[in-house]
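Novice: Below you will find the structure I want to go over with you.
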Amino acid sequence: MTLTLENITKTMGGVTHIDDVSMTLEPGSFNVLLGRTLAGKTTLMRIMAGLEPPTSGRILVNGTNVTGQRVQKRNIAMVYQQFINYPSMNVYDNIASPLKLQGADKAEIDRRVRETAELMHIEHLLDRLPQELSGGQQQRTAMARAMVKDCTLLLLDEPLVNLDYKLREELREEIPNLLAKRDTIVVYATTEPMEALLLGGKCAVMHEGRVTQFGATTSVFHNPATVETGLIFSDPPINLIAGHIADRTLSLASGHNIALAGHLSGISTGNCTVGVRANHLSVVNPGPHAIAMQGNVELAEITGSETFVHVHFNDASWVIQEEGVHNPRLGETSTFYLDPSRLFVFDADNRLMAAPPVEIANGKAA
Amino acid sequence: MNKITNNKAWFLVLPVFFIVAISAIIPLMTVVNYSVQDIFGPDNRFFVGTEWFKQVLDDSRLHEALLRQIGYTFSVLLIEIPLGICIALTLPRKGWGVSACMVLLALPLLIPWNVVGTIWQIFGRADIGLGGYVLNMLGVDYNYTQSSVDAWLTVLVMDVWHWTSLVVLLCYAGLRSIPDAYYQAAKIDGASRWAVFRFIQLPKMQSVLVIGVLLRFMDSFMIYTEPFVLTGGGPGNATTFLSQYLTRMAVGQFDLGPAAAFSLIYFLIILLVCWVFYTVVMNAGQREEH
């Protein structure tokens, strides 16, 4: 099925939660909703599901208006951040519950429950109660419950948030494969840019109730249409500085001048905002093309294989991501390097003018 | 590895030990002491062994009181628990109604037992009480001082009025702790109202319900003040429950020996029933649907 949202708006108590969202989700597509907390991801999903009516706008399934239709009739499934299973039923009955309510016959139920359980690697836990399972197993059960009926729309609302790191990685790898062969539209909400990239598919970036950009996940990442999208779809958020373009030169507010070349050569003159991702700044000199800059070190976070250096630069806080362990002195001025070929330039209206070409397999990842 | 022994820790346990000794162990041992002796005066006592226990266990009036008590407690639980659940389910979940309902529900709980007894004693009178007057007007021959059934029912209604709120509050707390996502999930599945109750609300309320049942069992099994204020255990013996009988024996007739023996049996009954109930419910919860 194709799900179309037409000018969906939702206001509650005078506050706008969803602001004029229009998008079309293709059959069998995997769609990531990426946005910070309170961006409206859950509300949008609830509207897609039919759990809440939109204040205005229409929801179409294959061109048919279903806006007022009850959720029971829509054949959807949802997985939540919390592990939601029927507490008094064992895993088998939990997975079987949607099929029983649909009125499938016993043999069919049994076959599909076992099939789905095997897919989710919980076939050995079928006679356990949810409270006897680990968090990961509980969420696998909840996902099996959602996947067992051939729903047309599967909504996953930050399903991995409450799991520990290891389990999260494990399930995150499995999810796209599990859903690949299906005709179901999958919508997956997350706050993490990394997760969105690993899941792939298409990505809708949400900010304050609006969808700021919707497209293939990697292309949204490489070409954020607005400054906001760039900030959301980047971890740590993209570093920003004001600039001005004139005479084939980009002058940054910090006083540095960059001659326009490469992907920057075609851009129009005027005021602009320049963005650079943390991994495109470095504390070691990458080569003669790099521009040296000075900033006051505020913080250094060492994650083991990488160091995140926070510097105070031109009245803003910038983050530099560098491979290896570095120990800059806090409070002292330190030099870092900017690669002009990796700059994003946004125009005066914060719309993307130039994005760096995609790097393929050399040194730093894009 | 050497285990470090430090006996100083015992000093920290001493205060608790003293408090428990004074509040529970010493009084209990006094009762045990009474129950095995026949005491005529401070220096005039005889050890009688289990004689008092035998006497008490053979007492037919006590058997009657025990049966009456079991019937009463059963009725209390049978009415208050389902009623409490039903009321809790219909309470509003948000808005100003919540606090209004909470205050209304908490009111009966704040009233002392003997006041409850007095309220219902007056309320049920046919001459000056609203309840009794209305019932008689409607043609019901209601008189709790003469009819044993009426007296028994009055005590039951009194308890339901007084204590159902407690069950409601406990269930309401249990219901409030269920995340909204459960209801959404059930809605998406297309589960019926009954299925939501049976498979989400009831299992999630289980632990508070166990506490509710235990509290209501213990309390109603020890009921004393209300029937005492209403009719003093009458008419006849209609509302003479175990506590009434025990008090009559100990304070009225000053039969300390049998009363002490009976107290111990009474205590053990409550302890045993609570333990059996708790164990059964907890095991059932673990094994359910396996």
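Sequential numbering from 1, following the chain as shown.
Glycine is treated like the rest: Cβ placed from N, Cα and C.
Heads up, here are the entries from TrEMBL:
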- B:12-36: transmembrane segment (TRANSMEM)
- B:66-277: domain 'ABC transmembrane type-1' (DOMAIN)
- B:70-91: transmembrane segment (TRANSMEM)
- B:103-123: transmembrane segment (TRANSMEM)
- B:151-175: transmembrane segment (TRANSMEM)
- B:196-218: transmembrane segment (TRANSMEM)
- B:259-281: transmembrane segment (TRANSMEM)
Novice: With the transmembrane segment (B:151-175) as the reference, find which of B:12-36, B:70-91, B:103-123 contributes the most Cβ pairs under 8 Å.
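Specialist: By Cβ pairs under 8 Å, B:70-91 leads among B:12-36, B:70-91, B:103-123.
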Novice: For the transmembrane segment (B:259-281), could you work out the same-chain residues 6 or more beyond its ends whose Cβ comes under 8 Å from its Cβ atoms?
Specialist: 31-35, 52-53, 55-57, 62, 206, 210, 213-214, 217-218, 221-222, 242, 246, 249-250
Novice: Which residues of the chain, 6 or more past the ends of the transmembrane segment (B:196-218), have a CB below 8 A from one of its CBs?
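Specialist: Distant contacts of the transmembrane segment (B:196-218): 73, 76-77, 80-81, 84-85, 89, 163, 166-167, 170-171, 173-175, 177-178, 182-183, 186, 270, 273-274, 277-278, 281-282, 285.
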